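Structure first, then comments.
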Amino acid sequence: MSDTKVYPVPDYIREKAHITKDTYEEMYRRSLDDPEGFWGEQAEKFLDWFSKWDKVYHSDLKNGEIRFFEGGKLNVAHNCLDRHLEQRGDQTAIIWEGDDPNNSEHITYKDLHERVCRLANAMKARGVKKGDRVCIYLPMIPEAAVAMLACARIGAIHSIVFGGFSPDALKDRIQNADCETVITADEGVRGGRNVALKSNADKALESCPDVKNVFVVKRTGGDIDWKEGRDIWYHEAVADVSADCPAEELDAEDPLFILYTSGSTGKPKGVQHCSAGYLLGAAMTHKYVFDYQEGEVYWCTADVGWVTGHSYIVYGPLANGATTLMFEGVPTYPSAARCWEVVDKHNVSIFYTAPTAIRALMGQGNEHVTKTSRKSLRILGTVGEPINPEAWEWYYNVVGDGRCPIVDTWWQTETGSILIAPLPGATDLKPGSATLPFFGVEPALVDPEGKELEGAASGNLVIKRAWPSMMRTVYGDHKRFMETYLAAYPGMYFTGDGARRDEDGYYWITGRVDDVINVSGHRMGTAEVESALVLHDAVAEAAVVGYPHDIKGQGIYAYVTLMAGVEPSDELKKELVKLVSNEIGPIAKPDVIQWAPGLPKTRSGKIMRRILRKVAANELDSLGDTSTLADPTVVDNLIEDRPNK
């Protein structure tokens, strides 16, 4: 289909790039042949150590043992702040862009360091110490980054819960991590509307009697309930303490944070990351995958409630002494030009977002993009799901004016940092492909029996060796870690994703392994069918699932969102069926097409396919938890409008 189109590395990028094709091949080979030497060198280059490690790594994936830089001591906040003060204390660390376009703030490294020390001291004054878990439930405001770094400074372990999660989801996460301290705000602001946070936290905390401290940031000044003795105003707490707080010396393997993965059934699954290996992964990939150059402004549009925000808004950029942009708002408020206006306003060089946002903006029309300059842009990135080639082409040609390489990054909450992605100065691009593995990452494709597949092939994506930023365990449940990730293919990490490797060795992620439809014995990745549907000019977005079919075993059920102003019709349905048939083959023709003005998405933009499968199968009494959806009413509309009643 689109495999044949190749975009070579632009000369102007190659000339200044940190990594070229030759250096990539040489460093990649070395990272596999001499991991001890390679990772030791990178840890010296990217991180500042109080004392050096005894052993570079110990890895036994069969038994779930992963350790890097054992015996070494460092502090993550020191690496993100203190070591930069002499050289770049007055440089902007964080540009905060508020929901309201008139609100923005530049925070220097010196200022950020002081804010972090003050909060660290305020937490210590309330009894928070090394190893304690702290729940952060905040909107996208500077205090979120301050809270993360203040925890890291004193060795407390943060657990961020996305500000859009329900009181129930928050309660489960507070209880699972045994948090005694919560940092929240009165309200958040998003798309021109106030979002309740403190009242949600209060509801959650009714079932969490162990929580002793609740720091409350005053964001809007809205009315909130107050519990004396437990609740404390953030601004008062940080004003009462010293701005001097020495960074705790931590072991390389000491936990840095727990982050709960969405979409898992049953009790929450807390992915636990350690200090040194995680920070090395975040810093290296931030510099090399985005080819970050001194003085550039870097903008990752994620929320800090997701791993992308942890690694590529806060830890990676700040470890590298970069200027990182933090955005409180949404891409379509006050208009669909907002992202590009922010790019122009702050001279953003590198822009990293999700395919779902790209498709939404594409559906709004080109004029919102073309009326802005975007001249400062140099590198574009995508994250969160495979990007269909059409959205890739639009992003490349319309947003990037055909001159900015796109780094299509594949990684997971569990991997801590990017594992498969192009490097701007080294990798020729193919729209829709995550391309090649990062240093030290050895991917493989296996069949369901675990037999490794050679050459061009399709199979389950596994990683054959540990890497520094890999999760170390599921918090409080190592058995679950083993069962979920390491038991399926002993000695390898199972990603849960399917992938195809082409004749050039490029990887194409085909979606979760449970996003495979088996039609009359033919296996088909849902991403493939979705890519065919969105080729049609009338289609903004499509989600495809399997459903029980009397004859074929599984049929193909497509939910289709149309571009603004396009009217649904039977004629259009026929066109779409024909298009898929032409693109992939008659076997891939959708059996059911349902027009869907909205799709059920988590707030990080991931489509909840589990819900789509249930609606398609008419299993409406077992939809499961919908509290993490950005807009739960979408589900009611899908149920109401389903053609298979």
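Cβ atoms are placed via backbone N, Cα and C, with glycine included.
Not measured: the values here are computed from a predicted model.
According to Swiss-Prot, the feature CoA binding site maps to R190, G191, G192, R193, T308, S520. Look at Swiss-Prot and you will find G384, E385, P386, D408, T409, W410, W411, Q412, T413, D497, R512, R523 tagged as ATP binding site. The feature Mg(2+) binding site is assigned by Swiss-Prot to V534, H536, V539. For K606, the entry in Swiss-Prot reads N6-acetyllysine, with the evidence type sequence analysis.
Positions of the features from Swiss-Prot, shown on the structure.
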residue	record	Cβ neighbours (10 Å)
R190	CoA binding site	19
G191	CoA binding site	14
R193	CoA binding site	11
W411	ATP binding site	25
T413	ATP binding site	18
R512	ATP binding site	17
V534	Mg(2+) binding site	23
H536	Mg(2+) binding site	20
V539	Mg(2+) binding site	24
K606	N6-acetyllysine	18
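Distance between Cα atoms for T413 (ATP binding site) and V539 (Mg(2+) binding site): 30 Å, as a whole number. A Cβ within 8 Å of the Cβ centre of V534, H536, V539, the residues given for Mg(2+), is found for these other residues of the same chain: E390, L533, L535, D537, A538, A540, A542, V560, L576, L579. Around G384 (ATP binding site), taking its Cβ as the centre, 20 other Cβ atoms fall within 10 Å, counting all chains. Around the Cβ of T308 (CoA binding site), a 10 Å sphere holds 23 further Cβ atoms from the protein chains shown.
Residue density at G192 (CoA binding site): 11 other Cβ atoms are found within 10 A of its Cβ, drawing on all protein chains shown.
Checking each of the binding-site residues (G191, T308, G384, R512, V534, H536) against the residue listed as 'N6-acetyllysine', the C-alpha distance stays within 10 Å for G384. Around the Cβ of P386 (ATP binding site), the same chain contributes P355, D408, G432, A434, W508, I509, T510, G511, A527, each under 8 angstroms and 6 or more positions distant in sequence. When the binding-site residues R190, R193, V534, V539 are ranked by how far their Cα is from the Cα of R512 (ATP binding site), V534 comes first. Sequence-distant contacts (6 or more apart, same chain, Cβ under 8 Å) of T409 (ATP binding site) comprise V289, Y352, G381, T382, V383, I418, I420, A421, A434.
DSSP assigns R190 (CoA binding site) to a strand in the three-state reduction. Cα separation, R190 (CoA binding site) to W411 (ATP binding site), rounded: 27 Å.
Of all the binding-site residues in the list G192, T308, G384, W411, the shortest Cα-Cα distance to V539 (Mg(2+) binding site) is found for G384. In the three-state DSSP assignment, the secondary structure recorded for G384 (ATP binding site) is coil.
In this structure the C-alpha atoms belonging to H536 (Mg(2+) binding site) and W411 (ATP binding site) are separated by 29 Å.
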